[in-house]
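According to TrEMBL, the features are:
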- A:64-266: domain 'Mur ligase central' (DOMAIN)
- A:Cys200, A:Cys203, A:Cys217, A:Cys220: Zn(2+) binding site (BINDING)
- A:Asp338: active site (ACT_SITE)
Amino acid sequence: MSESTPLSARARLAVTAGKAAAAVSRAAGRGSGSVIGGRVALKFDPELLSRLAGHLDVVLISATNGKTTTTRLVAEALRAGGEVVSNALGANMPAGITSALSAGANARFAALEVDEKYLIAVAQDVNPKAIALLNLSRDQLDRAAETRMMAEHWREGLQGTKATVIANADDPLIVWAASSCPNVVWVAAGQAWKDDAWSCPSCGGVLQRPDDTTWRCAECGFGRPTPTWVLTGDSVLDPHGSTWPIHLQLPGRANKANATSAAAVAATFGIAPQVALQRMQSVAAVAGRYDVVQYEGRDIRLLLAKNPAGWLETFSLIDPPPAPVILGVNARGADGTDTSWLWDVDYTRLTGHPIAVIGDRRLDLAVRLEVAGQNFQVFDTAAEAIRNSPPGRIEAIANYTAFQDLRRVVGN
Amino acid sequence: MTASSLRLIWVYPDLLSTYGDQGNVLVVERRARQRGLAVERVDVRSDQPIPTTGDIYLIGGGEDRPQRLAAERLRRDGGLTKAAESGAIIFSVCAGYQILGREFINDLGEREAGLGLLDVISVRGTGARCVGDVLADVDDALGLPQLTGFENHQGVTQLGPGVRPFARVHFGNGNGTGDGTEGAWRDTVFGTYMHGPVMARNPQIADLLLRLHLDVPSLPPVDDRWYDALRAERIAAATQTV
Ligand SMILES: [Zn+2]
């Protein structure tokens, strides 16, 4: 892109202050320190984000689900063209993004996951070449804005953007958000969860879904655009009509969808789909997700699912019955404190699996499973739940802080 | 319909099912089947007519814009009002509760007419959003144990003389009027701000609706072990957080 401009003294000072704060935070045992480092740096220089990104070809990736994984896949693909800087561990607000970018002095590309609420602000700062919008659905009911409001916020903020927007044609809310952009690449990436998109985002009419892929508002005509990238089973159809097989280590339909979007992103940066897809094959786990960990003679696959759409996709990728399943649910700050979303998850899909229930809110889950007629046991700790499961592979599905708890227990 | 069956109508899941409202439907359905009732569950999308011959109608919560759309379509349809006139049992939550009232403030900041099935009027609160565990005593006339729920709303609902408060809160806000009332009811029409969903934490409400439908004083017991454990935990949590 542009030639790299040297950082001003103020910007350099801000980066240094941020690194110092990160070092202190790490020394104090407070994790990687990337967020605190970024926060300190931003305080020293509020325009740091745009300065740090100035010499980079940036792609922003946002969604309710799959943004961390897709960012990782995009980063792997872009490495075919040069050095990439990325917030690989999911620190996706301005402070975490600043911290990631401050390591990118020599990079050519930046692949950045952005929290939905900050997408527009970050896009204004970093002048991205591409923006990928994957999906929008209910998440954290106690504080999140209505999904349509988020789509509207994106729509207004992205109007007239110079970035190429890579958007999921199968999610009506994403189509609504992206359709004000002058340059959109539509991707048929699928969206198994439909319960946040029955109302037409444009006029409020009821969306008609005559088959698995089509959706259209009978009142105003707002409907699915024709995609140029299509996920078909295990392969990607590109805009030239060529089909490329997806070979991922990451499991499930949702990750094939993520790979399809990532291939479309990579293409806007000049990376051919066959090259991009081949590089994505190297990703085995993303921030602990999909990792298989040995513990007490079991192989525990760690699966993160934070909201109904995420649980739905996760159920579709686990081993068939009678594979044992451990379910963990918390309702701490980072999870959202309202557990009523459990009732939007179709737990009858687990019929035939022995289920062990753990987590702070295991009793909410117990009632949910009782009403779904499932066969389950409740345990006070993850270790107990694992010891009481048969040896072999266990599928462990947990929401955000329950997932972190589980990783600590099994030493991941 | 004979007394050994139940026609359960879920009103507008496409608009009013934001806070796990399907939970109330599932709990009523499950507990009816456990008592040997044949259940016909009908999910009515907002472009379909509301059947007037249901036994129990459930209507849930939603965001401001879907709430307005739901009110417009329910007024135009008229089916729920007809059902209420012929004595149907209706249980409503949050946005659904406001719609059953005389009027509420819509997403455009305007007064929107409700169905007038409950003598209540709702406005938008000016304080912080009410979010958290609630503990309340249900109206003695209903003979239910303590109510535990989760509230997540900004509404303030004033009760008129035509309804009684569904409950009185010990912890939490309920109707948000500051007088300790939570929800409203008259005859067989109920409204509450309680999510959770409320029947997962208070299966006795589901049983109340079934008793009203069957017109019996009691029902055969079912295994309430997990409901009881959850209730005890949430009641303790509500008292600890205040
Ligand atoms: Zn429309």
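Cβ coordinates come from backbone N, Cα and C, glycine included.
Source: prediction; values computed, not measured.
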Which one is it: of the binding-site residues A:Cys200, A:Cys203, A:Cys217, whose Cα lies the shortest distance from the Cα of A:Asp338 (active site)?
A:Cys200
So for A:Cys220 (Zn(2+) binding site), how many other CB atoms are inside 10 Å of its CB?
12
Cβ-based neighbourhood (8 Å from the centroid) of the Zn(2+) site, residues A:Cys200, A:Cys203, A:Cys217, A:Cys220 excluded:
A:Pro201, A:Ser202, A:Gly204, A:Gly205, A:Leu207, A:Ala218, A:Glu219, A:Gly221, A:Phe222
If I restrict to non-local contacts, at least six residues apart, and a C-beta distance under 8 angstroms, what lies near A:Cys203 (Zn(2+) binding site) in its own chain?
A:Cys217, A:Glu219, A:Cys220, A:Phe222
Go through the recorded positions A:Cys200, A:Cys203, A:Cys217, A:Cys220, A:Asp338 for me and flag any whose C-beta is under 8 angstroms from a C-beta on chain B.
A:Asp338
The domain 'Mur ligase central' (A:64-266): mean pLDDT?
94
Look at each of the recorded positions, A:Cys200, A:Cys217, A:Asp338, and point out the one with the fewest other Cβ atoms around it within 10 Å.
A:Cys217
